[in-house]
Amino acid sequence: MRVVLLASAVLCLLAGQVLSICSPVDYTLYVEKPECDFCVAINTTICMGFCYSLDPNVVGPAVKRLVVQRGCTYQAVEYRTAELPGCPPHVDPRFSYPVALHCTCRACDPARDECTHRASADGDRCSKPLLLHMHAYPGQSNYIQTL
């Protein structure tokens with residue numbers, strides 16, 4: 001009986017690793033600068049998905065070793081640059097944004113990651129007219145950063 005229980009527990013832990021679905025997904029950023037005339041919709045990818053976590057509801061110093069809290073975060077990122085239209089000559093119209101290339105499940109590191117619990121609901125709104133068709137900045141410099 002104990003062997004069956006132990007085997008079931010091991011299989012559940014392994015299934016949690018296999019079912020950790022963390023991958024790049026399509027996302028639309030709405031970007032505007034106060035000095036420019038338009039809001040721009042930029043299509044990119046972000047890391048999103050499920051990562052295995054374990055947080056036992058038992059209190060004690062030995063339990064801290066059992067806590068596994070990982071989130072879906074960037075493993076490799078490429079930064080791209082877009083040019084925002086309708087900006088006066090004294091304003092830099094360029095905007096750089098991340099594109100997720102590969103994602104991974106790991107504990108959040110505040111020195112490297114943006115560790116937020118909930119995104120703002122206002123992030124998907126524009127206060128200026130929206131332009132839906134955006135072209136990359138002609139002289140854009142893409143660079144890849146592996147985290």
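Keep in mind that glycine also has a Cβ here, set from the backbone N, Cα and C atoms.
Around the Cβ of CYS22 (disulfide bond), the same chain contributes CYS47, MET48, GLY49, PHE50, CYS51, CYS72, CYS103, THR104, CYS105, each under 8 angstroms and 6 or more positions distant in sequence. When secondary structure is read from DSSP and collapsed to three states, CYS22 (disulfide bond) falls in the strand class. As annotated by Swiss-Prot, disulfide bond applies to CYS22-CYS72 (among others).
According to Swiss-Prot, the feature disulfide bond maps to CYS36-CYS87 (among others). Note: CYS36 (disulfide bond) has non-local neighbours LEU84, PRO85, GLY86, CYS87, PRO88, VAL91, PRO93, LYS128, i.e. same-chain residues 6+ apart with C-beta under 8 A of its own C-beta.
A simple way to gauge crowding: the CB of CYS126 (disulfide bond) has 14 other CB atoms within 10 angstroms, across all the protein chains here. Here Swiss-Prot flags CYS39-CYS126 (among others) as disulfide bond.
Marked as disulfide bond by Swiss-Prot on the basis of similarity to another entry: CYS47-CYS103 (among others). Annotation note: CYS103 (disulfide bond) sits in a strand segment as assigned by DSSP.
Annotated disulfide bond per Swiss-Prot: CYS51-CYS105 (among others), in sequence order, evidence recorded as similarity to another entry. CYS51 (disulfide bond) has a Cβ environment of 22 other Cβ atoms inside 10 Å. Under DSSP, CYS51 (disulfide bond) is assigned to coil, being neither helix nor strand in the three-state scheme.
CYS108 (disulfide bond) falls within neither a helix nor a strand when secondary structure is assigned with DSSP, and so counts as coil. Annotated disulfide bond per Swiss-Prot: CYS108-CYS115 (among others), in sequence order.
Per Swiss-Prot, the feature N-linked glycosylation site maps to ASN43. For ASN43 (N-linked glycosylation site), the number of other Cβ atoms no farther than 10 Å from its own Cβ, over all displayed protein chains, is 11.
Under the heading signal peptide, Swiss-Prot lists 1-20, citing experimental evidence as support.
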